[in-house]
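> Take this structure first; my questions come after.
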Amino acid sequence: MKEKVVSLAQDLIRRPSISPNDEGCQQIIAERLEKLGFQIEWMPFNDTLNLWAKHGTSEPVIAFAGHTDVVPTGDENQWSSPPFSAEIIDGMLYGRGAADMKGSLAAMIVAAEEYVKANPNHKGTIALLITSDEEATAKDGTIHVVETLMARDEKITYCMVGEPSSAKNLGDVVKNGRRGSITGNLYIQGIQGHVAYPHLAENPIHKAALFLQELTTYQWDKGNEFFPPTSLQIANIHAGTGSNNVIPAELYIQFNLRYCTEVTDEIIKQKVAEMLEKHNLKYRIEWNLSGKPFLTKPGKLLDSITSAIEETIGITPKAETGGGTSDGRFIALMGAEVVEFGPLNSTIHKVNECVSVEDLGKCGEIYHKMLVNLLDS
């Protein structure tokens, strides 16, 4: 299985699919799956290409979810080999997307192929949901596919997202949930004027100081057994004309919260508004909710992937919910159990992104055993 996974991963990496471009990756996948009897459905939205492929017509529906798009390479001169050449050096496959996530995407596809070849009349349905818009806006990708499926009452029972979840060793971590993410774009109004005549102006930076202190030190919650505490970070701040003798008319502050299930986005909005009113600030605020928190509690999917990892590499993974958001947040809206498992994430988005060839082979075996555990038990 390892050779098949690595070969497909190389084919995908060699296509420079900077988000939201697919560059033919999904066509390669569709042609392979179609030969095995998968039903292929294309769901393009704007400049994003999405693929929904399935084999079988009954429940449970087991979906593999992934993305073909990658982030930009940065300075290619800093790479030890060209970022889209997919070279193998000392047992490591190098290239943009090797770990995030063309390697695990290849492993999921080969695992599905091998299972269907051996079990052409399997029970349930095996599906793949693949998008070219995960790394950028994520507005035309998985969410649109999910909305389309829900509109026609299609279900996903279990979903494996191939994001690189492993931390120090393959299989040491799986993600059984993710925190929510909400961004506030806050504009605090003042009155522009000359710095020598502050009584004729109103400095929004000065007026916002105590508010910012409260905002950044407020304890939203203490987390719970599944999630770490909610955290807030200021990401961007700007005011002024660039001149040293002008009091600015407006202060812009952008902040993001990664929040757990102890609070809701509405509670966050209400509390921030209360803080702003308390400090008598003139403001307007625009909110962007990227995703609500989701959690897959111990059950059949988590048991199946845990058992597959234990059987393949002899370690028991830890289920965690930390880190950023993923497309799992959209699939969870369908009521599916969602778990993320993939290779090490230590080089993702970096120069010289790479993944162990041995680990890719193991990923394929683990995904295959997960299918066996879910469909043959």
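Here the Cβ of each residue, glycine as well, is placed from N, Cα and C on the backbone.
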> In Swiss-Prot, His67, Asp100 are given as binding Zn(2+) 1, so which of Glu147, Glu154, Glu163 is in that site too?
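Among the candidates, Swiss-Prot records only Glu163 at this Zn(2+) 1 site.
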> Would you identify which residue of His349, His368 Swiss-Prot lists as part of the Zn(2+) 2 site it also attributes to Asp100, Glu135?
His349
> Who sits close to His349 (Zn(2+) 2 binding site): which same-chain residues at least 6 apart have their Cβ under 8 Å from its Cβ?
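In sequence order, the residues whose Cβ lies under 8 Å from that of His349 (Zn(2+) 2 binding site) (at least 6 apart) are Val71, Asp100.
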> Near Asp100 (Zn(2+) 1 binding site), how many other Cβ atoms are within 10 Å of its Cβ?
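I count 27 other Cβ atoms within 10 Å of it.
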> Which Cβ among the recorded positions (Asp69, Glu135) has the fewest C-beta neighbours inside 10 Å?
Glu135
> Taking DSSP three-state, what's Asp100 (Zn(2+) 1 binding site) in: helix, strand or coil?
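DSSP assigns Asp100 (Zn(2+) 1 binding site) to helix.
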> According to DSSP, collapsed to three classes, what secondary structure does His349 (Zn(2+) 2 binding site) have?
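The three-state answer is coil.
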